[in-house]
Amino acid sequence: MAKSVPAIFLDRDGTINVDHGYVHEIDNFEFIDGVIDAMRELKKMGFALVVVTNQSGIARGKFTEAQFETLTEWMDWSLADRDVDLDGIYYCPHHPQGSVEEFRQVCDCRKPHPGMLLSARDYLHIDMAASYMVGDKLEDMQAAVAANVGTKVLVRTGKPITPEAENAADWVLNSLADLPQAIKKQQKPAQ
């Protein structure tokens, strides 16, 4: 059996990139300051990097799945060009009130459900207890709880933080950029 690895599960909009609302074009995709360096450092620390993103804009007819895939490929290559190799990219195109019939459904992949995280766990042999979920919304924290992710990290770079989201999180950080240092500080043995 393959050895399990710890992972950093990453929401996309508001965590990796600025959330301009239904981001689906390269021209509107803006990496948040410091996140690329942080992702590179997290890889060096031995974490798998896994993007788990709700993309209801597909179901809502705001953009097509092909447009999302083109942007995702560009993001993946942009990160790879900066020595950040993602281990997985999982997305949910569904929404129960979607206008595109093919994607209008209740599913187990849309956060707060844990489907994307569990799929990644099974495929990549992830040690969930040693992993982190980083996101900007309550649904990210709820998905992490449902998937038994060890540490839930809420970031201030996306949607305004709600009291419910803050209560569900283990840590609240200003940005994903702060995560490597926070993990190192936590892992430091007591003197």
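Glycine too: its Cβ is placed from the backbone N, Cα and C atoms.
The Mg(2+) binding site annotation in Swiss-Prot covers Asp11, Asp13, Asp136, Lys137 and is backed by experimental evidence. If you look up Swiss-Prot, you'll see Asp11, Arg12, Asp13, Asp19, His20, Gly21, Tyr22, Thr53, Asn54, Gln55, Ser56, Arg110, Lys111, Lys137 marked as substrate binding site. Look at Swiss-Prot and you will find Asp11 tagged as active site, nucleophile, backed by experimental evidence. Residues or ranges marked as active site, proton donor by Swiss-Prot: Asp13. The annotation site 'Stabilizes the phosphoryl group' is assigned in Swiss-Prot to Thr53, Lys111. Summarising the annotation, Swiss-Prot assigns Zn(2+) binding site to Cys92, His94, Cys107, Cys109 and lists experimental evidence as the type of evidence. As annotated by Swiss-Prot, site 'Contributes to substrate recognition' applies to Arg110, with the evidence given as experimental evidence.
Sequence features annotated in Swiss-Prot and their locations in the structure.
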residue : record                                 : Cβ neighbours (10 Å)
Asp13   : Mg(2+) binding site                    : 23
His20   : substrate binding site                 : 13
Tyr22   : substrate binding site                 : 15
Thr53   : site 'Stabilizes the phosphoryl group' : 20
Cys92   : Zn(2+) binding site                    : 21
His94   : Zn(2+) binding site                    : 22
Cys107  : Zn(2+) binding site                    : 15
Lys111  : substrate binding site                 : 25
Asp136  : Mg(2+) binding site                    : 25
Lys137  : Mg(2+) binding site                    : 26
- prompt: Which whole number of Å gives the largest C-alpha distance between any two of Asp11, Arg12, Asp13, Asp19, His20, Gly21, Tyr22, Thr53, Asn54, Gln55, Ser56, Arg110, Lys111, Lys137, the residues noted as binding substrate?
  reply: 20
For the Zn(2+) site built from Cys92, His94, Cys107, Cys109, further residues of that chain with CB within 8 A of the site's CB center: Asn54, Pro93, Gln105, Asp108, Arg110, His113, Gly115, Met116
Query: According to DSSP, does Asn54 (substrate binding site) fall in a helix, a strand, or coil?
result: strand
- prompt: When DSSP states are folded down to helix, strand and coil, where does Asp13 (Mg(2+) binding site) land?
  reply: strand
Statement: Whole-number Å distance separating the Cα atoms of Asp13 (Mg(2+) binding site) and Cys109 (Zn(2+) binding site) is 17
Message: Using a 10 Å cut-off between Cα atoms, which of these recorded positions sit near Asn54 (substrate binding site): Cys107, Arg110, Asp136, Lys137?
response: Arg110
Message: Just to be sure I understand: of Asp11, His20, Tyr22, Lys137, which binding-site residues have a C-alpha no more than 10 angstroms from the C-alpha of Cys92 (Zn(2+) binding site)?
response: none
Query: binding-site residues Cys107, Cys109, Asp136, Lys137: which have a Cα within 10 Å of Ser56 (substrate binding site)?
result: none
Message: Using a 10 Å radius around each Cβ and all protein chains in view, which of these binding-site residues has the most neighbours: Asn54, Ser56?
response: Asn54
Statement: Out of Cys109, Arg110, the listed recorded positions, fewest other Cβ atoms within 10 Å surround the Cβ of Cys109
Task: Compile a sequence-ordered list of residues in the same chain as Asp11 (Mg(2+) binding site), six or more apart from it, whose Cβ lies below 8 A from its Cβ; state 'none' when nothing qualifies.
output: Val51, Val52, Thr53, Lys111, Met133, Val134, Gly135, Asp136, Lys137, Asp140, Gly158
- prompt: If you measure C-alpha to C-alpha, which of His20, Tyr22, Arg110 (recorded positions) come within 10 angstroms of His94 (Zn(2+) binding site)?
  reply: Arg110
Statement: CA pair His20 (substrate binding site) / Arg110 (site 'Contributes to substrate recognition'), Å rounded to integer, equals 20
